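J.: First the structure, which I've put down as structure tokens, then a few questions once you've had a look.
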Amino acid sequence: MASVLRNRTDGRWEQVVAPAAVDSLVFSWILYGVEGCILTVTNFPIVFAVFFYSKLRQQKEFVIVGALALADGIAGFGFLLAAIGRILLVQAGEGFILITRWQCLLSPWVILWAWCQPLTALMLTVVSLDRLIAVSFPLRYYTYTNRYAFTLVGCAYGYVFIPFFIAAYRSYQVVNPDVPAYCLTFHGFTAADYVYFQNFLLAGTSLSVILYIPVLIKLKFAMDSNQAIDNSVKFKRLKRATITLGISTFFTFIFYIVPMAFITFKVFKDLTVFYLMLNLNAMVNIFIYFTRFKEIRAGLKSLVMCRRNLNSEAIRNVTNRSRVIPVSQVRVSSIHPRVTAGTNGWTQEEI
């Protein structure tokens with residue numbers, strides 16, 4: 001970007017940018033807008049399905065997945081707003097006027113990104129932390145209600161307000177107009193706060209991947225050490241969710257941590273491709289959730305068909321209900337804490 005400035009007739013300063021550079025910026029904004037549109041229309045339906053249908057909302061895993069989808073959806077909406085707002089500013093001849101960092105932070109898309117992007121990184125860590133608790137203390141985890149999940153989510157959502165308000169206060173103190181009105185994310189921050197912002201994104205997502213290593217080790221150990229555990233319906237549900245979110249974590253490493261490392265350390269001069277790659281992680285997550293969680297599919301189907309309740313197939317897969325198993329198949333194991341003697345040689349197990 002050219003650093004040459006000119007004084008406009010209205011007294012404001014403006015960057016002098018070559019037409020080819022403007023066209024390149026507009027093209028990249030259009031790509032961001034397309035990604036933002038995809039993120040918006042794919043993430044919000046999952047949020048609506050999870051939080052509208054109580055059968056999904058009662059499941060801890062889906063509450064956390066829904067909260068992550070909400071963060072990704074809001075961030076995607078920010079990309080869509082940014083594409084539209086920036087292009088309109090350029091067309092109106094206002095895109096390269098210098099404004100203060102505080103004015104830039106007040107741009108709708110910068111506000112959304114400054115809050116949601118750290119939230120997304122933190123929610124990825126929450127996902128891994130939840131899985132670590134689940135496989136480390138399965139008996140205790142089974143007793144947790146969805147309040148546990150809402151507590152984790154609430155802490156994550158609440159925490160990101162703290163650095164946001166600190167950054168906003170510091171940005172407000174900078175009164176010199178020195179950033180263009182089209183406003184990239186870092187234009188709304190002071191230099192020190194943006195370093196924290198980038199490091200938090202990289203550290204949060206990296207921690208989510210690191211935490212998943214002991215998760216998979218503990219899961220494999222549990223599967224190998226006790227066949228009764230492996231046959232438990234609750235454990236099968238836990239295993240399926242853990243493997244699914246493990247797949248998601250792998251793609252987080254590929255599509256987020258790697259490009260974010262290139263961005264943070266400025267390995268290349270043009271980093272547009274790597275910025276675009278960051279959004280692929282959320283898109284891949286949606287595909288994984290849709291293909292691996294049949295409860296999510298059922299919820300989306302019911303949502304599209306405007307049903308007040310999930311269909312019977314979804315209810316069978318989601319609700320906690322009782323089933324009967326032969327006594328001969330029951331093994332004494334810590335993973336079956338609720339097995340009671342029944343009639344006619346059968347037992348009833350809460351799942």
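Numbering starts at 1 and runs along the chain as it is shown here.
Yeah, the Cβs are placed from backbone N, Cα and C, and that goes for glycine too.
Annotations in TrEMBL come from automatic prediction, not curation.
What TrEMBL lists as transmembrane segment is 29-53, 62-89, 109-127, 148-169, 200-221, 242-265, 271-291. As annotated by TrEMBL, domain 'G-protein coupled receptors family 1 profile' applies to 42-289.
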J.: Please figure out which one of 29-53, 62-89, 200-221, 242-265 racks up the most CB pairs under 8 Å against the transmembrane segment (148-169).
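T.: Top-ranked stretch among 29-53, 62-89, 200-221, 242-265: 62-89.
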J.: Using a Cβ cut-off of under 8 Å, list the residues of the same chain at least 6 residues beyond the transmembrane segment (109-127) that approach it.
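T.: Same-chain residues near the transmembrane segment (109-127) but 6 or more away: 64-65, 67-68, 71-72, 74-75, 77-79, 81-82, 85, 152-153, 156-157, 159-161, 163-164, 167-168, 183, 185, 187-189, 197, 200-201, 203-205, 207-208, 211, 245, 248-249, 252, 282.
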J.: Give me the mean pLDDT over the domain 'G-protein coupled receptors family 1 profile' (42-289), rounded to a whole number.
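T.: For the domain 'G-protein coupled receptors family 1 profile' (42-289), the model's average pLDDT rounds to 91.
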J.: So what's near the transmembrane segment (29-53) in sequence-distant terms, Cβ-Cβ under 8 Å and 6+ beyond its ends?
T.: 62-63, 65-66, 69-70, 72-73, 75-84, 86-87, 275-276, 279, 282-283, 286, 289, 296, 299-300, 302-304, 309-310
J.: If we skip the immediate neighbours and take only residues 6+ beyond the ends of the transmembrane segment (242-265), which ones have a Cβ under 8 Å from one of its Cβ atoms?
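T.: 61, 65, 124, 127-128, 131, 134-135, 198-199, 201-202, 205-206, 208-209, 212, 215-216, 219, 271, 273-275, 277-278, 280-281, 284-285, 288-289, 292-293.
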